[in-house]
Amino acid sequence: PCCVVLPWNIAFITSYNASVSKTGSTFLLFIGTMDKQASEAPPSLEADAQDCTSPPVIKNSVLFGPLLTNYKNGSSVEYGCQRYHFLDGPSTVYCEQGNWTEQPTCLEPCTLNVTDMNSNNIELKWRQEELIFLHGDLIEFECKQGYNFVQTTIPSPGRTQCSHGKLKYPKCIMEELFPKPREPKAL
């Protein structure tokens, strides 16, 4: 028979020639049949299970629960991100045969730079907003008085999105730089 170690919190359905056994906090899935000549007890997978060392350190993350030097196969840890950082990926990571499953990343926020805003002649559209935005947030700017957005085909030229801690500032130029429509001449 073949044995597979399952994470403790998954739902499972067994079919013909399969059974599930719980040993401590580990579920074992047995697939296949045993010959009568084979040993009465199934082989122990716990002896073959490899533990994990401390979970990986992830930049700008927080690990919930105690930090141990050794984790049993099948155990898990939960990550969160520091304030203003955006969790991308699974928050729960599992120890599987000595390796940790896919880890999340904590994406950087965007911090508005007042100098960059001034050089582009823009200000926040909504005055009560903070200067820090999460990854994925939309940020709306408007031109300072006497300035207009550079002529563009974009429907919302004052809107930009925070992406991995970076954003592209919209630019406004002085109104006089726009050509004024000509008045028709009287004949």
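Glycine too: its Cβ is placed from the backbone N, Cα and C atoms.
Candidates considered were Cys52, Cys143, Cys162, Cys172. The record in TrEMBL pairs Cys95 in a disulfide bond with Cys52. Taking the domain 'Sushi' (50-108) as a whole, pLDDT averages 95 in the prediction. Across the domain 'Sushi' (50-108), DSSP helix (H, G, I), strand (E, B) and coil residues number 0 helix, 27 strand, 32 coil.
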